[in-house]
Each structure stands twice: as structure tokens, then as C-alpha cells.
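Beneath this line is the structure, given in C-alpha cells, with notes to follow.
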2 protein chains.
Amino acid sequence: MSHRVADELGYKDMDNISAASSRHNSENLPYVHKVGVPPKQNLLKEIAGTVKETFFADDPLRQFKDQPRSRKLVLVFQALFPIFEWGRNYSLSKFKGDLIAGLTIASLCIPQDIGYAKLANLDPQYGLYSSFVPPLIYAFMGSSRDIAIGPVAVVSLLLGTLLQNEIDPSENPVDYLRLAFTATFFAGITQFTLGFFRLGFLIDFLSHAAIVGFMAGAAITIALQQLKETDIVSVMRSAWSAAHHGWNWETILIGMSFLAFLLVAKYIQGKKKKKLFWVPAIAPLISVVLSTFFVYITRADKHGVQIVKHIRRGINPSSLNEIFFSGEYLAQGFRIGVLAGMIALTEAVAIGRTFASMKDYQLDGNKEMVALGTMNVVSSMTSCYVATGSFSRSAVNYMAGCNTAASNIVMSSVVLLTLELITPLFKYTPNAILASIIISVVISLVDIEAMTLIWKIDKFDFVACMGAFFGVVFSSVEIGLLIAVSISFAKILLQVTRPRTAVLGKIPRTTVYRNILQYPAATKVPGILIVRVDSAIYFSNSNYVKERILRWLADEEEQLKESSRPGVQYLIVEMSPVTDIDTSGIHAMEELFRSLEKRDVKLVLANPGPVVVDKLHASKFHEMIGEDRIFLTVEDAIVTCAPKMDLEP
Amino acid sequence: MSHRVADELGYKDMDNISAASSRHNSENLPYVHKVGVPPKQNLLKEIAGTVKETFFADDPLRQFKDQPRSRKLVLVFQALFPIFEWGRNYSLSKFKGDLIAGLTIASLCIPQDIGYAKLANLDPQYGLYSSFVPPLIYAFMGSSRDIAIGPVAVVSLLLGTLLQNEIDPSENPVDYLRLAFTATFFAGITQFTLGFFRLGFLIDFLSHAAIVGFMAGAAITIALQQLKETDIVSVMRSAWSAAHHGWNWETILIGMSFLAFLLVAKYIQGKKKKKLFWVPAIAPLISVVLSTFFVYITRADKHGVQIVKHIRRGINPSSLNEIFFSGEYLAQGFRIGVLAGMIALTEAVAIGRTFASMKDYQLDGNKEMVALGTMNVVSSMTSCYVATGSFSRSAVNYMAGCNTAASNIVMSSVVLLTLELITPLFKYTPNAILASIIISVVISLVDIEAMTLIWKIDKFDFVACMGAFFGVVFSSVEIGLLIAVSISFAKILLQVTRPRTAVLGKIPRTTVYRNILQYPAATKVPGILIVRVDSAIYFSNSNYVKERILRWLADEEEQLKESSRPGVQYLIVEMSPVTDIDTSGIHAMEELFRSLEKRDVKLVLANPGPVVVDKLHASKFHEMIGEDRIFLTVEDAIVTCAPKMDLEP
């Protein structure tokens, strides 16, 4: 194909079309610009370009450019283990921030971990294990500076539900635990694979709205489950019976103290007083300590208040041999792991992106996935279950002034000490306190504000959000997830099947043509219909686009007939938004051209983009409609077409 | 939200920016137009609008508007049975065309039917049955005037393959036949359902390229199967042995005559001499008659030439009680039926659209599906298997001058006579002739021309095409189909995940800004980066779009730094092609705004569409960036921004 530049072609001035062209009029020597035909690209280059945009859109290799080989090796190592990059500039002042943040999130995570393990139907120590090894590994490999790693509520619930469908944890606790490790292993493999093959964009297919709905649904489910299954109801009942029979003042105190803490913490969080971040952050630990103390001295457990009873002391034992690498549970573990891994990834990446954007640093999503994947693979061999970034703890981490992932190391060390030294002290912790902590955490996942915004911005998104929400609440987490994904996909498919089209009119005193529905002042040009197609024309919409354009024409002709004005002689298709066209699209354009020919309407194209021009040439469509029917702008098309029309029949 | 029209806001003339604004300069009193905010739509109206565009895009109820009730009933009846619409204006001259066309396609279909039935592993009469009942029903309900209904090669092959996977036709012919009817029943139900619920657009998800590949693959498979399984090889062998041993001149004659016919027919079709359409059209029947006669008089069947042997005489028996409405085969029949029904639909709709576009009449795809669905449901109860529109016979029908679906009635009548009177005569028809007829038909499905065009126009389409082709040839029709659908979907997903973006420059002596890669003459405006996003911004691409824009900015800043020019102060995002934005998109824009703020770059939007403006307002994003940062055109944005810049630091 010839390599033409956007050269110009002069033509005679036409005064009789002043209405259509104020710019051309005022200059006395107007130009009609030719549509540029981009240089033909080499096939390999073209493919390489597509691959790059698809898999390396964030240009991760930018820093490797023009570097000597030894430097490149260092960079690769630093890319895999960012700790060796930021560690070199690490300072005492940074450590101060990290220390405070680490201690704060540790105080928050210990009671949460014990509660979350119960959500996954595991013994409490597995929650603590998962706050020891994974944060350490993440600190070495992760690039987010603000994320706090550990078990999280939604993933724990999901894992618990899915595992329970396969094995009853009360009947067969050994195999249940083994399946949990197997799922964790495959969750890690899934995350690693997605990151390594730079397929991270796949998680973008779960829309924000669907996630909001899913999270809210999971939160409600968790809260209800805690209310029903743990002892809050029994605490309330004993509080009630105490009021009637007197004397059981301990449970009343327990019930009241955690409720008070919950409300205070919420209130302070709600006011967003950043300085007071530590109040809600240490409230859980304080309530655990206090309630444990009270139960211990009053032996409230003998009066019907259920307690944790036993946490195994000591750090994570190895679980490499526990993972099912064969047998009937392998497939189940794989399936559950893929699901849990994806959800965990969604949460971690969302958190990572949020804080990276707030502190304005770059985050390579795919590298994060590799880090998280490696982390979970190692975790599965050290008695942890799926860990990921926690919304609540990451926010506290950020507010407490963390500077690097070192805060995760601090947290991990505190958890280590807890495991080695003070686990026996948790024996008398009432389950009711753990339940209340979980409820106070998950309740903030019900993001009413986000839902309201979604309702305002996009009704279809709201349907997706509510679909996921009610799916989780009234059916199960899997069904909710399935609904969320399905609606997200349906939206994408709808988007590509039914692109928007608009009839354009001229905005007075400009050479600009805009949607007449948006700009009521815009006027149509007599005898010319201008239609803009707002999407690439692909097989999925080519037929619709053709028929929609013909319908616009039919509507217009009907209107003109009613007011007995002359019919349409030119149909200008404004192609600016048409970024691409495929073979089906070209066929549709050919059919449109033939249909218009039979109606004595001439087809004119305005501003086709580089790819479209390329393909119009490849298919010889430009010869079919005539090269002189393709213009740079709608205005150019109109000044050329208008004088050729005989408006008086 | 306020209901504002596109009013104008004057501002002072600025001579110092003449480079950026020739139009504004020459008029001395430029205007900056405000971006129109469309009137807020009622929620129900909005939903109704979306539903209408999705399911009633072709406005099928247009003719029902403003009609009295009795007239509406007549119209509904006519819509269901178009024969009562076109039948009223039917004339003798139209019948002449239909008679000739009907006789021609009958002569073509009879030998094809017998061959196709064998592809589906059925006895030859079932092919003829399927050319008797279905065309009759279609003639009453269908709206295409050119389609020729009956069994077709690809669907027969697909059905044969899928059925054979479940039941071996040689071991259990009764259940095999029953499963075939069951599949046909569900194929009809599928087609009817898609049409009735106006979900016809779903078949658009199979791309043209994938269909081309799939058809070519199926054609090659059929041809190879015919060569291997039927007697061409043995004919050749006997011809060969005859040459060595003499005397078996009949088989040589058979082999030669059909080859000659095949070549002549192809040659004439290839030359597109419309007048001679009848030569390839009756060639098959002539070769059948001749070869049958020769075999009969020479008893070539005793010399190793295989013959049809037996065709049951008489019209279709009822098969209502044969359909599996329960039991283990119900699910299989359903699955096979859905697949075969979809493929049959794809073929019929493609044919219908092609000819409707050639003769320029409207075709309601969904109504067609209801007609085809009803047809196949009734067919399944009258011993037919899946029928649909045939490419080869429809083309002959068109060339022979058919005017209405009455040509299908003529064809059906001829088939009726054949079934009642002359089936015994087919006894001595050599299978080799049927095979050669099938080969000569399917070979035209290998559309090298279309494949070349696909290669030229779209490389990705070509991959889909080849994927489907090799999938069918080297694996199976199902695998080929699966590959075709998967690649089609992958393309859609890629399209929405990685939209194009472009950096714009000003085309000299205009106020027009275009992609600088397409128009090398376009120049950048110093201190301002203009980026166009070529797609709606949805959850699937919002993060990519944000990061891509930041990457353009980083590239630009790097270049500016190298030539030590001042950095970018304004980033204009040209939003014309951004037809929609969802909550994730708004979030991405907010993040972009914050990132730019930290870099001291101001975000400016140009020409957001009605939906986008609406959502920017709903989310208060317009307040965040400032209402005065949203412009009607890039030019307006530049004339406002440029004078505010201090280019000399």
C-alpha cells in the first residue's frame, strides 16, 4: 500500500453553501484534507504490538532499557525481591512509622485471626499461623507499601463453605485440614500462574459493582452466621435471664462492653479522625483482654458463656506432606483453590491499587500476583490457609503511618511471640467477643455509600451489585459469585452487541457536529443525514449497526415526508469512534452501501481512523464507494456534498 | 440535575495563541461552547430504551403503530404467516418464476438429500422426507423469498457425528433414529425459543471468520469421508484393475462421467454466467439418471460397484412416538439438538440476510427463527431430521428467478411425487455418484477467496478462521466449533480490555486534531498532551485506560526532558469516542486526576457524550476537576488553556 502523508487538496470556493460552512467562508480559500493512510505495518511488528499492549501494557521492562547486562541482573533480582531495592534506602525514621503501624495491625490481627479461622472451620491457631509466614514472604516479594497480609473474612468464609461441601469438618477433621492446605496450594499456583503469564487483566472481568455486592452479601452472611452460631444469642439470653433471675452480671458486662467498644470504634472511624486511628485499632485487643480476664476470674464459662478453650502453642508445623497431590481430593482442592485464589487476588489487587494511587507509586499487578502466589504456595506447606490483603488492617496500617512492607515483618514478629508465649492465655476468651470483633469488621464491608453511587451512576451496575448481594445472602457464596461474574460478562457482551449510534447536527457558529439529543441547538443539514457509530464494528455488532443506520434513515425520511420536504441524498457516517472493523464489519458496510444505492442515497464516510482506513483499503471498499467519498471531517464532507444536491425537486 | 441547553459563553480574544487557533483568530470574537447536559431521563424510560435497543433493535412493531385493533389482529396473523401477506398479491407471472426455480432446486435436492442422509448415518428416504415437510411449513411461516429449505451437508455431518458418539447406528439403528428425531425436536425448540424471546443476536457471537473456517473444515472432512468411506476409491480401483484386466468399462464410464459433470458444473458456476445456472443445477440429476441406467443395464453392482439398494416408498410416517421425552437419551438429544439447531440457524440466517440484502427487503431475524423452529419441531414428528437453508440450493433458487417462498412448495411437491412414485428407480444408483455430488457441493464451501480477504483485513480473524478449520479437520466438528466460539469470545474480551488510545496533534490550517501516527503532518501543541480514548470506559478496561494515559504522559515527558523543553502542563483527554462510563471508569478518572495533580498537570476533558456527562454529574466528578475544565472540542480546550501557560520557566 502506498505510504501517503496527509497532503491537501484544494478545491473551489462555494459561496452558496455558507450556511454549512462559516469557517470555509471566512477564509475564502478552504481546503479539504485527505484522510491519512498510515504506513503499512510489518505483520510481525503488528502482532508484537498487540501482544505488548495485551500483556505488557504497563511497560514493566521500561527500566531495563539500555542497561548493561550486570545491571540488568541486579534489576531482575530487585524486581523479584523489592525488599532489596527499598531496603537500601531504609532508615530509622522510616522504621519508626513501620514499627507503630506493625504493632497496631498486630493487635488488630490477633483476635481477627482466631475468629476468621473459625469461619473457615479451622482451629484458632491456623489463623495465627497465616499471620506469621505469609506476611514475612510478602515483605520480601511484594511491591505494595501499605497492604497488610493475613487471613481475611470473605476468603475464610468462601473457603469454609466450599470445603464443607466436600468434607464434613466435624466428622473428618484430618482430611478437611488436608483439603484446606491443598486448596491453599492451588490458590497460590493460580495466582502465580496468572501473574507469571501476565494474565492479571483477567481479574478485571469482575466488575467493581459486582465486588461491592459480593462483599456486602458475604459480610451480611458472616454477621448472621456469627449471631446464630456463636454465643451472642446465648449471651443475650443469659443476660436476659440474668435480669430475671439476677446474679449473672458477668455476661451482661461482656455483652455490654463489646457493644460499647464496637460503637465507639465505629463512631471514631466514621468521623475519619486520622489521629485517633488507634482507638478502633486497639479496641478489639482491649476487649479481648478485658473479657478474657473477667471470664477467668468469674469462671463465666461455667455459667454458659462459651470460650475458645484451646489454642496450640508454638509456631507453624510443616504441612508439606498433608497436601493431596493425588487421589480423589486433588481435583476438589484444585477447584476450590482456583476460586479462593481468584477472590483473594481481587481483594489484594484492589487494596494495592487503592493505596498505590493514594500515595502515587506504580504497582505492577502481575508482579504482585507472582508475589502473592509464591506466598500462598509456601504458606500451604507451613500450615497456613489462604492469606491475602485485608481491607480493614491495610487501612489501619496506612493511617498508622507505615512506610514500607516492613510493618508486615513487625506484625509477623508479634504474632510469632504470641504463638510462642501467650496462646494459653486465650483459653478463657469468650467466643462472643470474637464474633463481635468479626461483625464490627465485616459490617464495614457493606458499603452503602458505594451502592448509592453505583445506583446513581449506572443502573445496570446496580443490578449486578444487587444480584451478587442477594445471591450470596439467599443462596451461597458460590451462587453469588457466579451471578456477579455472569452479569459482568452479560454487560460486556451487551456493550459489544448493541453499540450506541447518534444523529449529529451542526452546532451554530461552529464547524462542529454533535449529537442532537445532547445539543438541542444543533441543527440538521437539509438533504444530509449524519450518523455517528460509537464503537468498533465487529462481527458481534456489524449487522445491528447496519440495520440501525438504515432505521435512522427510515425515521428521517418519514419525518421529511410528513413535512413534504425533499428526501435524504447523502448519508454521512462519522467514523471517528470506529476504532476497528473486521471482515463482518466490512461486509456490513458493503451491504449498507448497496442498500443505500437502491434508495438513491450516497454513502459518505468521515474521519475513519488508521486501522479502519487500512482495512478499507485491504478490502477495496474505498474503491467501491469512491476515494472521494471519504473525508477528514464531517464539515469537509458537507461542504463537498451540499453544493452537488438539488434541493428543489 | 439542571436541564441546560448548549448555550454559549463568550470570552476575550487572545492574539498570542494564534498558532493554536486560526479559526478563532480570523473571526475576532471566538466562542467557547459549553458541553451539553442532556435532560435527565426517567429511570423506567431509560430501562425501556435499553430493552428496546437490545431485543427490538429492528423495530418489528413499527407497522403496528396507530392501527385499529382489528387491523392489528390481521397484522399479527400476517406476521406469523407471511404467506397470507404476499399470497394476496400473488400472480401467474410470479408463479412462472417460482415454478422454474422450484423444479430446478427439486432436481438438485433429490440426489443431495439421499447423500446427506448417509452423512447423518440415516437411510436415504429420511433425506427426502426432510425435503418434503419442512419446505412446506417454511413456505407458510418464513419471510425469506429466496431460501431453499432442506437437509444440508454440514448439519448432517454434525448430527451424524454427535449421534454416533452416543449410539452406534449399525448396532442399534432404532434408538439411533429415535435420538435423531429427539435432537431435531430440540433443535426446533432451541430455534423457536431464541426467536420468541428475541435472543437472535446471540448467534452473532459466532464470527464470520469462524464460520468460514468451520464450513471449510467441515467441507474437507465430508469430502475426505466420502472418498474414503464410499466407493470412489473402489471405483477408481476397479477402473484401474479394469484397465489392467479389461472389460469393466462401466465403472470407468461412471467415474469419468461424474468427474466431467463436476468439472463442467464448476466451470460454469465459476464463470458466473447467470443464464446458464441450469447446467450445474441439473448436472447432478442427469448423472444420477445416466449412471443408474448404466449400472442397471450392465449390472455393475455385481462387479463391485456399490449401489443405494433400497429406498422406502411413500411419504413421511409419523414419528411423534419415537421422540425420547424421557429416559437417558433425553439429555443427550437435548444437547445435540441445541448444538445442531444453533448451527442450522447460523446457516439459515446468513443465507436469509445475504439474499434480503441483495434484493433489498427487510428480514426479521427473530421471526425467521420462530419459523425455522416451528418447522423443525413439526419435522421431528414427521420422520424428518434437522432441515435448514442450503447455501447451494438457495443460490440456484435465486438465479433461477424465484419470487416467493412458493418455489419451496413446488420443490416439496416434486419430492412428494418422487417419494410416491419413483423411489424404486433409485435402487441401482451407484453410491459413487452420490459421493461425487456431495463433494462437488461441499467443495464450494471452502471459500479460499473469503479466507484471503480475512487474512488481508484482520489477522486475528484469520487465526479464528484457521483455528476452526484445523479443529474440524484434525479433531472433530465439536472441537472445531468450540475453537471457533472461544476465539470469537477471546476477540470480544480483548477488544473491551485493551481499547486503543491515541495521541492527537493539530492538522495544519484547521481546528482539527487527529492521531499523529495517522497524520504525520499533525503537530503537537507545546506544553499540552492530547490523548484520545477510543472506547467506553468500563470495569474491564478502566485500570488499563488510566495506566495507558499515564504512560503516554511519561513518554512525552521523557522526550521533552531529552530536548530540555518545558514539561506538560495540561493533559486533554478527548472523550468523543467514550460512549459510556461506569463506576469503575469514574474511579479510574478520579485516580487519574489525583495522579496528575501530584505531577502538577491539569486534567481537561473534551467533548464527553451525553451518557458520560450525565454520569460525571451523578458522581460529582465535574465538581472535582472543575466545570470549566470540560470543553466541547479539543480546540476550545486549547485556546482556553494555552494562554494560561508559562512556557518559559
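Heads up, residue numbers simply count up from 1 along the chain you see.
Note that Cβ sites are derived from N, Cα and C of the backbone, with glycine treated the same way.
The range from A:116-136, A:368-388 that TrEMBL describes as transmembrane segment is residues A:368-388. Counting Cβ pairs under 8 Å to the transmembrane segment (A:334-356), the stretch among A:147-164, A:176-197, A:277-297, A:368-388, A:408-426 with the most such contacts is A:176-197. When pLDDT is averaged over the domain 'STAS' (A:518-641), the result is 89. The transmembrane segment (A:433-455) shares the most Cβ pairs under 8 Å with A:209-227, out of the stretches A:147-164, A:176-197, A:209-227, A:368-388, A:467-490. A contact between the transmembrane segment (A:176-197) and the transmembrane segment (A:368-388) is present, since 3 or more of their C-beta pairs, 6 or more residues apart, lie under 8 Å. The DSSP breakdown of the domain 'STAS' (A:518-641), given as helix, strand and coil counts, is 62 helix, 21 strand, 41 coil.
For the transmembrane segment (A:467-490), the neighbouring stretch richest in Cβ pairs under 8 Å, chosen from A:209-227, A:277-297, A:368-388, is A:209-227.
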